[in-house]
Amino acid sequence: MALFHIARYAGPEAAGQGDTDAEAGSRARVLLERLQNRARERQQREPELETTGTAGEGEAAAAGKRRRRPRRRRRVSGSATPNSEAPRAKRRKADKDVDAGRGEEAPEELSAGAEDPGANPQEDVQRPPAPGRVLGDFARRKTPKVQPFLPAWLAKPSCVKKSVTEDLTPIEDIPEVHPDLQKQLRANGITSYFPVQAAVIPALLESADHGFLIGRGGYQPSDLCVSAPTGSGKTLAFVIPVVQALLHRVVCHIRALVVLPTKELAQQVSKVFNIYTDTTPLRVALVTGQKSLAKEQESLVQKTADGFRCLADIVVATPGRLVDHIDQTPGFSLQQLRFLIIDEADRMIDSMHQSWLPRVVAAAFYSEGPTGSCALLQRTQPQALTAASTCVPQMPLQKLLFSATLTQDPEKLQRLGLYQPRLFSTRLGQQSPKDTAEVDENSGKYTFPVGLTHHYVPCRLSSKPLIVLHLVLRMSCSRALCFTNSRENSHRLYLLAQAFGGVSVAEFSSRYGPGQRKKILKQFEQGKIQLLISTDATARGIDVQGVELVINYDAPQYLRTYVHRVGRTARAGKTGQAFTLLLKVQERKFLQMVSEAGVPELTHHEIPRKLLQPLVARYETALSQLEKTVKEEQKLKAA
């Protein structure tokens, strides 16, 4: 069998000079002489130095062994030795190579050690430089938060103060408001404007200072976006300027269109418009689908011998019903539309798949051609601002967006086609990197009413209904609002609370028709209903006076949902409390979510078992009755 000669790697210097046996032996003898000299010198030292040196030599030898191990490489030569002495020569060769490798490690350091007898052997042997960068030898730095790159109008909004109890503006301080409207405000018990109203009303009145037919200087006014907490008076902020701008109209046309996501919210806004147009010739129409299409058509247009006559100046509508009238109502025209108001704008943007906004804009800029009626007053789609485009003034279409959770996503806002928009916000604008560290830690993504207190209650799934009943009974609230994530949960909780007794309870969901929901809300406002169990249908913009307590029976899945739910209380400067029932698996995610929302303080509210014990007997009886009721309802559905 042929045997292969394996050469050992003896370091870069040996590799460069050639691994010959003579050279390796010479280096080994030199190294041996140096080591013998060093040993004799150590014997002459004092005992304590000898002890120290011996320990250091052992550590150096151990370190040398650890270094040598990874440096060994196996290299197969191409020649074979046929004689029987090859294995023995191979071993001798390997030993010599190892000794040579030791001599090549650091000859300068060893010679320095021989010249300095008092040197520490640990310092003589230096570690080879690391082949790569060593990670971990750096201090941890706080990573600066990356600021989003936003358009200028989003990054630098017009800041509005938050407090609706301290930062009030007397109505006399805004003389631009018409005296008749000021008188109407006082008649409704309003003597001061909230911060949002004091900022937005003058801006809107300025855009209509020369009438609603043309903008300031003949140019199109900027669109306005308002982001403010729930209960801060956003509705009145657009009702007052719109009514004042249309006070002196001569011919009745649809000049203002308010689009809202729900029927209940549309009813509420229509009610506010009716209050402030009661003493004016302006007419308000509600288009939500609560009445038949024919009935709504009668309130919008009237057929005459010459064609159709418009009967409404202000239309409050939901998106679906509005599109129905655009398609199916003869004489329904938006060509004279001056104000397009989108309330709860974030939700309306999410419903853009219905394509209601492009339909409205197309109807507003519809042209009958040069031979049509009022051809001189017909307007065209907005284009680039040039000298030619300003020669013929036309009535602008101004868009007004209002929401408590207005998105800052430029991609979503781009769908609205805003013209030189201006943002009013209670949140801080985008800060420079230098100012970011100085921003208050509580200034988060959204703002909340000042008088609102936030709590979370850890609990088990089986005890959630019992905790709801305990909170309502112990706090003695005249009006409490409880939110669930589904219609089924709302219905079962309603049946359980009804079987438990002691609480006047009602259910508010899509299970009931518009007429029934309106009746339930009215009874709740009058105090006839103590606990209203609802889905998120009432979480958007519904202003129910006197709600003292909001309970999240099911934890909200999204941040915006939480903002709108808890915003049903602590409205218009009043105080309120919000409790969220959390399972153990929900706590971490929920707490992280609300911390990003800018909640000032979330209180941990633990309910001891002994406080729930007196209610357990009635609760178990109600559970058994609930089971029977659910079975009966299932039989009725199956029948």
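Yeah, the Cβs are placed from backbone N, Cα and C, and that goes for glycine too.
Positions annotated as region 'Disordered' by Swiss-Prot: 1-131.
Marked as N-acetylalanine by Swiss-Prot on the basis of similarity to another entry: Ala2.
Residue counts of the compositional bias 'Basic and acidic residues' (24-48) by helix, strand and coil are 22 helix, 0 strand, 3 coil (DSSP-based). Marked as compositional bias 'Basic and acidic residues' by Swiss-Prot: 24-48 (among others).
If you look up Swiss-Prot, you'll see 50-63 marked as compositional bias 'Low complexity'.
Positions annotated as compositional bias 'Basic residues' by Swiss-Prot: 64-76.
Residues or ranges marked as phosphoserine by Swiss-Prot on the basis of a large-scale study or a structure entry: Ser79 (among others).
Positions annotated as compositional bias 'Basic and acidic residues' by Swiss-Prot: 94-105 (among others).
Taken from Swiss-Prot, the feature domain 'Helicase ATP-binding' covers 215-424.
In this view, Thr235 (ATP binding site) is surrounded by 21 other Cβ atoms within 10 Å of its Cβ, with every protein chain counted. According to DSSP, Thr235 (ATP binding site) is assigned to a helical segment. Among the features that Swiss-Prot reports, ATP binding site is placed at Ala228, Pro229, Thr230, Gly231, Ser232, Gly233, Lys234, Thr235, with the record citing sequence analysis.
What Swiss-Prot lists as phosphoserine is Ser432 (among others).
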For ATP, residues beyond Ala228, Pro229, Thr230, Gly231, Ser232, Gly233, Lys234, Thr235 with C-beta within 8 angstroms of the site's Cβ centre include exactly Phe194, Val196, Ala404, Arg571
Same-chain residues at least 6 apart in sequence with Cβ under 8 Å of the Cβ of Pro229 (ATP binding site), in sequence order, are Lys162, Ala404, Thr426, Tyr446, Thr447, Phe448, Pro449, Gly567
Checking the binding-site residues Gly231, Gly233 for other Cβ atoms within 10 Å of each Cβ, the smallest tally belongs to Gly233
Simplified to three states, DSSP reports Pro229 (ATP binding site) as coil
